[in-house]
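A quick write-up on the structure given underneath.
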């Protein structure tokens, strides 16, 4: 396992990490979670991602209990959570000072931890002034509830505004963004965010490297495995949007490239994400130990991604974003 600095910070995170979205509390209980988390640690993973909204908070409870039962030292792992959707009350969501402070307290209680290493704004909040959010994030850092803060699914303009406020007030800005990034979703990471990497030292912890499992190659039109994410009732709409003919055609076109390299399609897709130098960590998800073992082998695939192989991939997916023109 390789470890990279999270953006321009001194925090070191494993190049591949594990996230609790969909899995903990939806498909897995504590016993199963313990087995998966230990498989991750055995592979060298030190970064684990969560959110207050995952399984309505149950995902945090399961992760915290599993880590306690496994007897892990808190200082050996990096744990993050995300705040935005906390509950049904008018102040239980968004990025107000009230919800950031109370929401993080709730997350820490569920995790049974004194702090998280990174706390994210799970989405931008158009109803709260950015200055209030920046000040609130600095407050939880100053009070030892978190060490760093970041954003998730924010635009480059929104991140820039947060940094401008932080610099003006001599406060800490967001060191990391968590965007979707895979062979079918590339614009933000490869185009929109380009100025942010050098200007603010922005790090990335990217999610959905397998495009919700589409890039495993296990899905075909009208064929959804019963134990897969798309078989869950809440993900039927996502399945309908994802399993379109053009996407499935491209997936089938990638399979021979993976076969030539002697690797699985999933390993090829994860390695492709991890090979981007601006990506600090690729967040993976799995419901079975063997999936984790196979996913971690993606690290061995990165050296195989020669310019010739990358060109073959590009010829199939045809998803490379055009560089944004600069008029400055």
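The backbone N, Cα and C atoms fix where each Cβ goes, and this holds for glycine too.
Annotated features, as they stand in Swiss-Prot:
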| type | residues | note |
| --- | --- | --- |
| ACT_SITE | 54 | active site, proton donor/acceptor |
| BINDING | 21, 27, 49, 152, 178, 207-211, 218, 229, 285, 287, 291, 294-295 | NADP(+) binding site |
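For residue 294 (NADP(+) binding site), the same-chain residues lying six or more positions away in sequence with a CB closer than 8 A to its CB are 264, 266, 267. Distances between the Cα of the residue listed as 'active site, proton donor/acceptor' and those of the binding-site residues 21, 152, 208, 211, 285 are shortest for 21.
Secondary structure from DSSP puts residue 152 (NADP(+) binding site) in a beta strand.
Of all the recorded positions listed here (21, 54), it is 21 whose C-beta has the fewest other C-beta atoms within 10 angstroms.
Of all the Cβ atoms in the protein chains shown, 23 others lie within 10 Å of the Cβ of residue 285 (NADP(+) binding site).
The number of other Cβ atoms within 10 Å of the Cβ belonging to residue 152 (NADP(+) binding site), over all protein chains shown, comes to 23.
Using a 10 Å radius centred on the Cβ of residue 208 (NADP(+) binding site) and all shown protein chains, the other Cβ atoms total 22.
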